[in-house]
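Asks: Could you have a look at this structure, given as structure tokens, before my questions?
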Amino acid sequence: MAKYVVTSAWPYVNHVPHLGTLIGSVLSADIYARYLRLRGRQVVFVSGSDEHGTPIELEARKKGVHPKELTDQVHEYDVKMWREYRISFDNYSRTESPVHKEFVMEFMKKLEENGYIFSQEEVLPYCERDKIFLPDRFVEGTCPYCGYEKARGDQCDECGRLLHPTELKNPRCALCGSKPVYKSTRHWFIDLRRVQDRLLKWLESHGELQDSVKKYSINWVAQGLKPRSVTRDLSWGVPAPFKGAEGKTIYVWFDALLGYVSATKELFIMRRGDPEEWKSWWWDSGTRTVYFIGKDNIPFHAIILPALFLASHDPYVLPWRISATEYLMYEGQQFSKSRRIGVWIDEALEIAPADYWRWALARMRPEARDTNFTWKEFYRIVNTELNDDIGNFVNRVLSLVRSRMSGVAPEPEDLGEHQGFVERVRRAAWAVAEDLEAIRIKRATEGILEIAREGNAYLNRTQPWKLLSQDREEGVRALSAALYAVKTLAHLLAPFTPDAADRLWSMLGLAGSVHEAVWDEWLDRPLPGGARIVRVEPLFQKLPDDFLERVDEIVEDARRRAREKRPPLLRD
């Protein structure tokens, strides 16, 4: 059986993540990892806090603290947030982890020994006012490819192109806004040209890559790869291990990409004290590695990371799948901390429970194009889908069992004409499984809704409350079929709304947790006869009728309450 390493892009810890970050990588990866576990697969789910690089150093400078003071606070807070959102990481690490730093340094030394690393003088922007070189986000300017005026020195957020700081037009220091001069400094480079042919062959032949990822990456590599600097003139980061590179650090993207491996290594050290077990995953050709990222991270995961693995000469498995989402917009605009546009993940929890956000964001997941988060759509999803469709069906069935069957599930028997409904539910359930297998997360939610809506229509059509009085055996058959659908919903909701799914499992009188019920053993089974439904409570609660009228007030209040709970360095 294949093993799976599931990863989500490492969030920067310069601030609290917003909803786009949540669905773009972390939540999508969690839904998939939970699904795999429910299919009985061996899974390692890892990510971590990306603490290094210019975004962190810039934010720390603004706050007048050392970067480590900032990242310690944000990392601890993010861990708390992931716990509240029920993100089921096996290990959520950090780039300041000693295991990670040692791994990155050893990996880079291996590349140098293999002949892929060389050094040369490079001319870079330098701020005479701040007395520092300006790598990456320390310099801003106009993108030479698309004309975006706020491109960074390493990448344009508008067109996604990787950049060199000297390519920017009208450059300016991100700290003071002054125009930089250009000075020479020595840096170490990885010669990507030496892996270009192997990389292109892999990209063209690998059938599991998402079409958008594959086309984008093939086009990029076919244009010719250039050597890329792996060092920076920064003190904050993983120290560069090359002779003569004292005082320099590894470029944050090479640093963070290797975190997927180091987090796995750290996991097995923590679990079993074994510093070598990670190799049985990352060096095993039977392992499938699945990366959940935003589309702006495609070149790093589809080109740079496999290039690093190829250059190591070790038997690393190359990416099996890369699930890259488009952007989630907020009421038609891009999320922006500085302009207070959007909702951040801690603020969201002040408005509604985690399950509501998990389901709503899965429904809005930007899989093929940018999608737009609106409060009107959030309100509809919570009140109509979670409550009127799913919650209402569950409540109707369980209430009938409580009131008309003394809370005892009937014994499974020949369901007669009601077997047709059961078969439709079974087919729909396995279609949801197929969608999750293929990482069609949004379509999987549509399949779940189809079962709930079909269930409500089935109740309206068969009216088991009347049948139980007129023809009790026929009424019991109808109710048994409906109970099968409710139990099926408990299984299917587990990756999406884990708390609600577990409550429903308990209400059905089933022992243990729904998250331990492997689908291949449980999904086709009816609810066991004699199962006692001792309590019935609403699975979800509706948002208030005046929610949309008061949403601005509700959001501002949520921001205030979330800000009060944040660590001191995150309260601005």
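Quick reminder: no glycine exception, Cβ is built from N, Cα and C everywhere.
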Asks: Which one of 11-21, 264-274, 275-285, 418-428 shows up in Swiss-Prot as motif ''HIGH' region'?
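Replies: Checking Swiss-Prot against the ranges 11-21, 264-274, 275-285, 418-428, the motif ''HIGH' region' one is 11-21.
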Asks: Among the residue ranges 64-68, 334-338, 459-463, I'd like the one that Swiss-Prot describes as motif ''KMSKS' region'.
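Replies: That would be 334-338, the stretch labelled motif ''KMSKS' region' in Swiss-Prot.
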Asks: Can you give me the residues near the recorded Zn(2+) site, meaning same chain, not Cys143, Cys146, Cys156, Cys159 themselves, Cβ no more than 8 Å from the center of the site's Cβ atoms?
Replies: Pro144, Tyr145, Gly147, Tyr148, Ala151, Asp157, Glu158, Gly160, Arg161
Asks: In this structure, which of the binding-site residues Cys143, Cys156, Cys159 has the fewest other Cβ atoms within 10 Å of its Cβ?
Replies: Cys159
